[in-house]
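Enquirer: Here's a structure for you.
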Amino acid sequence: MADDKVAILTDDEEEQKRKYVLADPFNGISREPEPPSNETPSSTETSAIPEEEIDWIEKHCVKINNDLLISKVFYFFFYSAYGSLYPLLPVYYKQLGMSPSQSGLLVGIRYFIEFCSAPFWGVVADRFKKGKIVLLFSLLCWVLFNLGIGFVKPATLRCVPKIRPTTHPTNASHQLTILPTNSSFTSFLTISPKMREKRNLLETRLNVSDTVTLPTAPNMNSEPTLQPQTGEITNRMMDLTLNSSTATPVSPGSVTKETTTVIVTTTKSLPSDQVMLVYDQQEVEAIFLVILVVVIIGEFFSASSVTIVDTVTLQYLGKHRDRYGLQRMWGSLGWGLAMLSVGIGIDYTHIEVLIDGKGCKPPEYRNYQIVFIVFGVLMTMALIVATQFRFRYNHFKNDDSKGKEVEIPQVERNNSTESSEETPTTTSHSQAFNFWDLIKLLCSVQYGSVLFVAWFMGFGYGFVFTFLYWHLEDLNGTTTLFGVCSVLSHVSELTAYFFSHKLIELIGHIRVLYIGLACNTARYIYISYLENAWTVLPMEVLQGVTHAAIWAACISYLSAAVPPELRTSAQGILQGLHLGLGRGCGAMIGGVLVNYFGAAATFRGIGMACLVILLLFALIQWLAVPDEEEDKTMLAERIPVPSSPVPIATIDLVQQQTEDVMPRIEPRLPPKKTKHQEEQEDVNKPAWGVSSSPWVTFVYALYQIKEMMQLTRDNRASEIQPLQGTNENRENSPAGRAQPVPCETHSDPSRNQPSPDAAASQTQTSPAHPSVDPCTEESEEQQAQLAAGGH
């Protein structure tokens, strides 16, 4: 029955079948052959659809790769959830009452945990062939542990008077002046307080023992006044026990020892400019420890999700690994849209804060629970989409073995000293030796300086990711501004990712690093002098150069310097330095610096450090690195580049299975041939065409001027003598040395018409000088034609 159906296929159906075959996904994965029963209904249904509808479906739907579509949708939802929450976490921690150092630790420790846990879970997934289970469990941990942070209750706010700069903050000593109504005296009291705070009542019991002196001025109306250093004045009850030990009279009379108890109650609140809001530090410490535990546990179990999805996506792509950026682009699109939408939504939501005390203006706190709700919904959608991923371990194993079989001969061809009949033991020893060679290569001055720049750029990016919005909020920036900044930075990164290889081929890897460091210097110093938060937008465009182009240049530079079998290790080291160690140190060390010096001063300091590193790096590259031709001709490879939030995704995990499909071709220089020589060999180019070589054009112009001057003096055939002279004349003539191939002069009959006498002299001198010039060894028939043309 199936044979009859195949036999009656029309030409149109054959064409449609061919299109379906061509539209098969180009992922390089060998699909298992499906039974013919599944293919037969599809052909029957196709024949039943009208032609116009078939054309529309073919143009819009048939060529869609379902596997890559799942990857695109997952990246969109995952990074939408990530972008809606994680950039705002430092600002959220600030609202909870944490210091910059605490916030930096909570953000920076994630990178170190991801660096350690992502490879661990990747090995577990490959070893037990449970990639989908590990992926789904990881995404579930993303939802649960991050939503737990949103239910943390903020610390209590207290309204306290500002600390005077002249008082001593550690030893609580208060100077109390009391003037009673019956008599006038001034007592200088040294008070050692023991304070007990509650929410609405602060009781201070002061045990005072000091000397009381009677002044001479009588009848002074006075009120009890209190100048405390710390504590709350409103609703305060103070019990003063005055134990006067001695009395020094100034006027006649004496004061005997007495014990007096004075109760002072004040209800007057200070002005708003003399009070400030502080958090209860004990509650802040408790909140910090709770969130730290949640972050450590949650990141350990959830860090492997993006690594696994990247690996599956690269398996779907197969030999078209350069199209990874097209899949990852949807994640950046979702990040920008989610960040902008959430930022606008938060600006219109506020929460009321209960303040312990009076006299302070309530702060405007935003409701960040919306962020956690949006994160939970989007990450749940990513979890649902992740259930559609297909893991083929048998295929991966077969391709891995094939890749090893092809890779070993490639290594043997590269190493001329190794024989082609090496044993597996020798091969493994060679691979270990090559790994140590890689370590030595990366520790050299040339590549070690590049790795240091990669680490420092990661340091700067981690600091900006954590404290840029923190600083903008200090300048009264809104979350809408944060969303606009996110959109600009992601558009800049995408543009830089897709055009970075052309920029590298144009100016080179090292110059791209120069530009990135210079842009970082300008960006950080500009941010440090901001007065209006919205003026930061022009500098957000530099995000693509300072992050994307730098990352692409570093990974391309190292990948082109190491052999293919060690490229995965080199990229892993670079990712660890840039994405893991660099960003983690930037967030944690930057938090300590902001805590001590402030955000503006820290931005300014890191900007100056970028300038110093730029100068040192340029000096090292100028003095210590040889300027070789290989470095100039090194081409940028289109290596898939992960964007900012990818947690150490080993992009080259499937390196072995792609080397046999798409081997790396070393760039070879073309044979050296000047442009002038190519023009001389081109018989179709007219003789009056300008040469591309400037010095040849200049000499040729001088020669033509000299020739025309000779024509004006003597109208006889003097123009042929310089073009076809003897060896002595040609060696002494600079024009003859400049134009070693004057064959093209024959292509212009109007300029090179020989006279009869010259033609006759040529026929006489050419046998005598057979080696004068290849152009003079012409046949007698050609000489006769030239002579005839002269008449």
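Note that Cβ sites are derived from N, Cα and C of the backbone, with glycine treated the same way.
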Enquirer: Annotation phosphothreonine per Swiss-Prot: which of the candidates Thr10, Thr181, Thr763 has it?
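Expert: Swiss-Prot annotates phosphothreonine at Thr10; the rest carry no such entry.
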Enquirer: Which listed stretch (73-93, 286-306, 450-470, 579-599) has the most C-beta pairs under 8 A with the transmembrane segment (605-625)?
Expert: 450-470
Enquirer: Can the transmembrane segment (369-389) be said to touch the transmembrane segment (579-599) if we require at least 3 CB pairs below 8 Å and skip pairs under 6 apart in sequence?
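Expert: Between the transmembrane segment (369-389) and the transmembrane segment (579-599), contact is absent.
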Enquirer: Hey, does the transmembrane segment (544-564) touch the transmembrane segment (507-527), meaning at least 3 C-beta pairs closer than 8 angstroms, sequence gap 6 or more?
Expert: yes
Enquirer: Quick test of the contact rule: Cβ under 8 Å, at least six residues beyond the ends. What residues does that give for the transmembrane segment (579-599)?
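Expert: Non-local partners: 99-105, 107-112, 114-115, 454-467, 470-471, 474, 605-606, 642, 646-648.
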Enquirer: Assess whether the transmembrane segment (479-499) lies in contact with the transmembrane segment (335-355), where contact requires at least three Cβ pairs under 8 Å among residues 6 or more apart in sequence.
Expert: yes
Enquirer: Out of 73-93, 105-125, 286-306, 335-355, which stretch touches the transmembrane segment (450-470) the most, going by CB pairs under 8 Å?
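Expert: Result: 73-93.
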Enquirer: Against which stretches of its own chain does the transmembrane segment (105-125) lie, if we need a Cβ under 8 Å and a gap of at least six residues from its ends?
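Expert: Distant contacts of the transmembrane segment (105-125): 89-90, 93, 98, 131, 134-135, 138, 288, 291-292, 295-296, 299-301, 303-304, 307-308, 311, 462, 465-466, 576, 579-581, 583-588, 591, 647-650, 653.
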